[in-house]
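What TrEMBL annotates here:
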| type | residues | note |
| --- | --- | --- |
| TRANSMEM | 33-53 | transmembrane segment |
| TRANSMEM | 65-85 | transmembrane segment |
| TRANSMEM | 97-114 | transmembrane segment |
| TRANSMEM | 126-149 | transmembrane segment |
| TRANSMEM | 155-173 | transmembrane segment |
| TRANSMEM | 185-203 | transmembrane segment |
| TRANSMEM | 209-227 | transmembrane segment |
Amino acid sequence: MKRHIPNMLTLMNLFCALPALDAASRADFHTTLFWMILSLAFDFLDGLVARWLDVATPLGVQLDSLADVVSFGVVPSMVLFKIAVTYVPPELQLLEIVPYLSFIVAAGAAFRLARFNLDVDQSKDFKGLPTPSCAILVIGIPFIIEVVGREVFQLYHFVIIPFLLIWFMNADFRLFSLKLSHADSFLWLKGVFVLAAVVILVWFKKAGLSAVVLLYILLSILFYHPTKSIHHEIQS
């Protein structure tokens, strides 16, 4: 029974993704965010519990990725689609194809998760943007529009954004994880990020979600260079 506990948590991640998808299809993004937060919580807990109980299995790894495709691939695709639809001018029916580009984010997420399962070099950090971070970036967009106004985006942005997200998820640049260890030479960077993220979310609330993920990417690109750090530790 004990070995099935992490898998049940993973299935709860998938379960929460379905009402999130339903809410996103109705453009109810506040409810979408609620269910997405629950998915994120279960996604975090399944791995934590598997390690704590020492019951991690290949089945659990595959199940986790299958759940994540829906939670952090299909759901954000639907969010983008429902936003992009509102930007299509009624008189230009040819442009109605643009919102459908949003669904390639789900395909990009599936590819990223398949690569992650085969890559043994992502145990301490990430290669490319993790799918949960991608989902947070996307779910922040409707709240930016809610605060700033529709003028902040144009239809062409919804051509660029899906391809940009796919590139972020599948690029080879390194991003730090928030896992902590005593020998971690990047604790300062993680501390700066967490502090800045809290300030952003307190100040901007839901409209700050996308900014937090963009900050995470920026800090990783500018300051997270693990090979240099390892080389320095070997020399010292």
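Backbone N, Cα and C atoms are what each Cβ position is placed from, and that goes for glycine too.
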Selection from 33-53, 65-85, 126-149, 185-203, the stretch that has most Cβ pairs under 8 A to the transmembrane segment (209-227):
126-149
Per the definition of 3+ C-beta pairs under 8 A with sequence separation of 6 or more, do the transmembrane segment (155-173) and the transmembrane segment (33-53) touch?
no
Who are the long-range neighbours of the transmembrane segment (65-85) in its own chain, taking Cβ under 8 Å and residues 6 or more past its ends?
10-11, 13-14, 16-18, 20-21, 24-25, 27, 29, 32, 36, 39-40, 43, 98-110, 113-114, 116-117, 131-132, 134-135, 138-139, 141-142, 145, 153, 155, 158, 161-162
So what's near the transmembrane segment (33-53) in sequence-distant terms, Cβ-Cβ under 8 Å and 6+ beyond its ends?
2-3, 5-7, 9-10, 12-14, 16-17, 19-20, 23, 60, 64, 67-68, 71-72, 75, 132, 135-136, 139, 206
